Structures are given as C-alpha cells and as structure tokens.
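In what follows, a structure is listed as structure tokens, so that the remarks can point back to it.
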Ligand SMILES: *Cc1c(COP(=O)(O)O)cnc(C)c1O
C-alpha cells in the first residue's frame, strides 16, 4: 500500500516502538512523568521558549493556544484556508466565544500585512477586540520566509497583537530553510508543533511559549480533557522523533520535488511543490477514474480537481516510481 493522502498516516517504526515500550512513566497530571517532562524541556530548548506543554492532538493545542490569547468577545485574524479556522470544527468560536476574522492567504501562504491591518477593529463598542494574528507554517507545503515573519512580528508589536504560529509542520520549514527552530520561533509568542505528521509518532503535539502562558494552557488543557496520565509512552516517541526524524525530512522534500518533475513530464498540471507537498490539477472528467485506478493498485490518494500528494517517511523513492508508472499507464489507456 502506497499512501500519499497525508503525512499523518506514518506509523511508528520498530525503533520508535522500542523506546515507547521502555519509557519511564508517572502521572503527568501530577507532573510526575519524567519522559513527558523531558519532552517538554526539549521542545522549550529547541524553540527557545521558556516552556512547552504536551498535547494529544494539534487541534487541541491550537484551541488552547487561542483560549490563552483571547477572552470571550475577542477575535483572532487568521488565514481563510488555515487549519485553525477551517479544519478545527469552529472550536475557538464554540468553546471560547472567540470570533475568527479570516483574511485571504497569498499564494505563498502568508497573510499580507496590509490586509491584516485593514481587518483590525478600532476600539469601539460595536466591534470584537482584535487580539491575535495566527499564521500557519508550513501552509500547503509553503514555507513562510523569515523576512516576512520578522515583519509580522514587528507589525504585531506595533499593533499590540499577540502572534501565534500553527507550526504543525514547522520542522519541514526548519529543514527547508536550513535554520533552527529557535530562529523561526523568535518571531512568535506561541507555537504549536505536530509530532504525528512527518515526524512519525502515533500521537502528540506541543505548545511552546512563556512560562505564565504555558501555566494558563495547562489549566485549559485539563478543562478540555487533555490531561493525560502515563503519557510518557507517547512522549518517548516524541523524543525519539525529535532526535531521529527531523533531518530526514529533507528526503521527503527531495522525493516531492522528484515526483513533481516526473508528473510534469507526463503532462500532468503541477500547480505547486514545496517541502513535502505536491498539488496537481486533475481534469474533472478524470477524477473518479483516476481514484479507482489507483485504488485498484493499492495506492491511496485523495483525487479531486486539486489533488494533494504528500511525501513522508513511509513512502520511498521506489514507491513513487511505481506511482508514476501507474499514472503513466492511466493516461495511456
Ligand atoms: C494536522 C494539522 C493540525 C493538527 O491536527 P491534529 O490532527 O489535530 O493533530 C493543525 N494545523 C495544521 C496546519 C495541520 O496540518
């Protein structure tokens, strides 16, 4: 089975399962799980933030991040296609009474700061209070450039907004820019990271920020049902991933670039490729046929008019060669 639907489909390797089996555990709600504590300390160290908190999912980490920045009746400015606007079931509005103010993303995944400025509400009783700018890095595979992040950081300081980065795939940006996590995270107040995507753990996300912020987050995490007990077995996978699965993301990026070139050569309309994602246009008349063609050959892809192909540690170059051969055969029928 070749699965290019998402990098969330990665499975824990034998070596990762071994460290999970051997993990020292305690009750993390009492803050006694040494492996969770070690993972949080490592995330804080890598991000250059004072503290970090382990979560079961990125959705919950993003929700808690928003609940800490915004009170009832506040708003956050966020991308129209951002995960924490569009794909988190409206959690900030439902559970936090926080109003989202979406802004169209530019093609490179950034939110143009002039558009953000125009969306900020004046201090007037008619309006929600604008409190936060939320960016996504990477977005659809696109890495936000460091100069843009620096501008956004200075802009938010001037406008007295907080800046959150949904960095579900931040390590793809770190590897693509050949920089460090801290060099990106210096431009935000809070950062979420997914361990369960390209980094290959079965479960887990992190929220990084200042000490008082993370203490507040700990309360919200408990309230939203994210206080786990012997979570060290999961944190062990996270520590393993941070040690062994970051540098190898380069192989996923190279594979995605290779795949984009090969599909282009077949005449497939490649819309974009950055980091581990390739987006291709599939003519409406081919969508259903391509889906079943691939399914019959044990290839999982979500075919649509705009099809996303995601490379990850469970997809080899050989798998991609196979996929390209299947695609060629499909087009030649
Ligand atoms: C996957 C993802 C999340 C979190 O997803 P979970 O499945 O809840 O861990 C958040 N933001 C982005 C951009 C993502 O891709």
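Quick reminder: no glycine exception, Cβ is built from N, Cα and C everywhere.
Caution: TrEMBL annotation is automatic and unverified by curators.
Computed from a predicted structure; not experimentally measured.
The domain 'Aromatic amino acid beta-eliminating lyase/threonine aldolase' annotation in TrEMBL covers 3-282.
A coil conformation is recorded for residue 197 (N6-(pyridoxal phosphate)lysine) in the three-state DSSP classification, outside any helix or strand. Remark: residue 197 (N6-(pyridoxal phosphate)lysine) has 6, 7, 8, 10, 168, 169, 312 as non-local neighbours, by Cβ distance under 8 Å and separation of at least 6 in sequence. Sequence annotations record features per position, and here TrEMBL assigns N6-(pyridoxal phosphate)lysine to 197.
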